[in-house]
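Feature annotations, reproduced from TrEMBL:
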- 328-345: compositional bias 'Low complexity' (COMPBIAS)
- 292-345: region 'Disordered' (REGION)
- 101-134: repeat 'TPR' (REPEAT)
- 532-565: repeat 'TPR' (REPEAT)
- 566-599: repeat 'TPR' (REPEAT)
- 600-633: repeat 'TPR' (REPEAT)
- 634-667: repeat 'TPR' (REPEAT)
- 702-735: repeat 'TPR' (REPEAT)
Amino acid sequence: METLLMDRVQSSLRLFMPKNAIFLCERLCAEFPTESNLQLLANCYLGNNQAYCAYHILKGKQMPQSRYLFAISCFQMNLLREAEAALSPANEPNSEVPNGAAGHYLLGLIYRYTSRRSSAVDHFTQALSIDPLLWAAYEELCILGAVGGASDYFSDVAASRIQQQYLSESSSHKISIGDEDRSIQSSRVLGLNDSSPKQPKNLHSNSIKEISNTHVVMAAGQAANSGSSNLSLYNTPSPVASQLSGIAPPPLCRNGFFNAVSCDGSSKPAANAAILAPRRKAMEEGRLRKVSGRLFSDSGPRRSTRLSGEATAGINSNASQAGGGTGTNHSSSSRFLGGFSSSSSKTSSAAFRTMTGRKGPSCISESFDEGRKTEVFGDSCGEDASATMSSVAIFVDCRYLEEDKINLHAGGLSVHDSKLINGIRELLGLLRTLGEGYRFSCMHRSQEALEVYQKLSQNQYNTGWVLSQIGKAHFEMVDYFEAARFFDLARRVSPYSLEGMDIYSTILYHLKEEMKLSYLAQELISTDRLAPQAWCAMGNCYSLQKDHETALKNFQRAVHLDSRFAYAHTLSGHEYVALEDFENGIKCYQRALQVDERHYNSWYGLGVIYLRQEKFQFAEHHFRRAFFINPRSSVLMCYLGMSLHSLRRNEEALEMIEKAILADPKNPLPLYQKANILLSLERYDEALMNLDQLKECAPQETSVYALMGKIYKKLNMHEKAMFYFGLALDLKPPATDVAIIKSAMEKLYLPDEMGDSL
């Protein structure tokens, strides 16, 4: 009953029927309340998004897997301290983290979200050292900015580590298969004794068949026990161990031979019958229960079942012809060894002939080439001697066949190893390229990231994830048109994926593509209403329409769906700033930084708030933090220069503004701020030159003409000043700017100390 219930529960989980799995697993735990069954029930609840149920079931449990699942439930419930205590108990500082790489990865996430960066980096690194293919751990290291290079993690050392892991798994599997094949081979070789006219057939054939069947059943039992995890549920306790408790384990080829025939050639039928009678009964029962390994008759045949059937057929055929047995054995075993050629059988047959000729040339000469046997006996060789020599010959042949089989296995492993090594190298090469590109993206080295992604094959390049990463790189470079093109390609390749769609919606917001943004938001909502990216797109759509309150509600909905989605917190902060609710805006930015301290957009948002509140030192600090994370952003350089200018550190400000212009010559903001700084330094002609250049880039910006009017007023060129103030008003600026410009026009002919309010 327990095995059947466990199988049905796991089958329900595989078929994505969590409610059925929960119901059956509750019945299982009620009848068999073991901790392993409770783990299975917790798995069912976690699969049904009921982490709180798994939390209560596993609380206080001490098995490693229970601690891991309990930590998963705590992490999903945001109980990070309890999750940490489950994975790394305080009273056991040197205890092993459960589940290896996965446990270290989860512990790294806990440390990251509790602002312990160094510990998080250590555990992510340990996770990658255990499992170099754990890409999620590498992503986290990139997000934390703690990656030196992708080649450090996806190197030849990692390849050898993966190879060792796979070879250790495959070697155990090969050993079990080798045991089966050698048992079958020994049974068939021992069956050759039946064809010898000088040996008592009745005595030896029965005993040898019993020993052979014992080998096959035990080998099949080993294969069944070493099978896949889902088949292991069907294994039932075998009666063999209890019934044969007083009997020695089945002998190998050498021991089997000496049990069947003694050294002096005398046979012991009575002893063999006494030993083998209970063994026959036990093996037949064991074959029914152990070899099948199934509870149901409609299951497909297992390999061990076929092997035992072939072994029985081989023994019967070898009883009639000895020479064909060797060849038949190789042809049948080649099905499991990769299909070797018949040359190996010839080699073993030649070795057999050589050994028999070398061992007893004066007593016996046998040839098994065509199933014929020719015997030449000397006067000194009796029946006992002939039996002994033929037995030695069989033993030698058995040993050589085993050696030949080992060589065949070795050859097969070498071919498998070469394919495995090539596959590992190809995979790690792909991860190196993707990892290097992702590392450059996280370091905001967008141009270098684009160059790396260009090295990918066409199949890998034209995937949704890669195209989204390329779109993000163009977004960081403020190339919104190209970024939108790549995100649109990503949507076509993977319309079901929401990866990066929050960024895509922000790009459409900057491009003022109202129709496209509205269509994107509706598509994402219809795809997955529980995805934070969908609600971020909806919020950007309302923000573009200047409906900041509705936009804020949508961003808050994204935060409620995923409190660890840093960009949703940041967008909420932007809307609070637009509503001039600076206090709540600061809180949103700080929450985003708690999730991701390298989220430079939040540092920038805090700097903007402090700049508007005229807290220039705080503004300079936060802009500098953002600039340290993303030192290639022209916008951050410009705002840092503005804060330095407000602190009257004009030379530093001018130097930073020059860097911003070089970083993005198309960005009009640095040119405007440079003109402001030059005006404060009374370098009017240079300021006007910058503004004339800026008119070509942004002919509709009212602030440009207003600043030109102010400079001409400083130069006492009132007519030109009035002209540019008029142009600024004609472009319909915001109401606050209109009031300032009109006030400047009224004070145009007043002295500078009275009319310098613009």
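Every residue, even glycine, has its Cβ placed from backbone N, Cα and C.
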Residue numbers, six or more beyond the limits of the repeat 'TPR' (566-599), whose CB comes under 8 Å of its CB atoms:
113, 115, 117, 143-145, 442, 502-503, 532, 535-536, 539-540, 543, 548-549, 551-552, 555-556, 558-559, 605-606, 608-609, 612-613, 629
Tertiary contacts of the repeat 'TPR' (600-633), as residues 6+ beyond its ends and Cβ separation under 8 Å:
145, 444-446, 476, 566-567, 569-570, 573-574, 577, 582, 585-586, 589-590, 592-593, 639-640, 642-644, 646-647, 663
Could you give the mean pLDDT over the repeat 'TPR' (634-667), rounded to a whole number?
92
State the non-local partners of the repeat 'TPR' (101-134) in its own chain: residues 6+ outside its ends, Cβ under 8 Å from one of its Cβ atoms.
68, 71-72, 75, 80-81, 83-84, 87-88, 140-141, 144, 146, 153-154, 158-159, 161-162, 427-428, 431, 564, 594-595, 597
Tally of residues which DSSP labels helix, strand or coil - the repeat 'TPR' (702-735)
27 helix, 0 strand, 7 coil
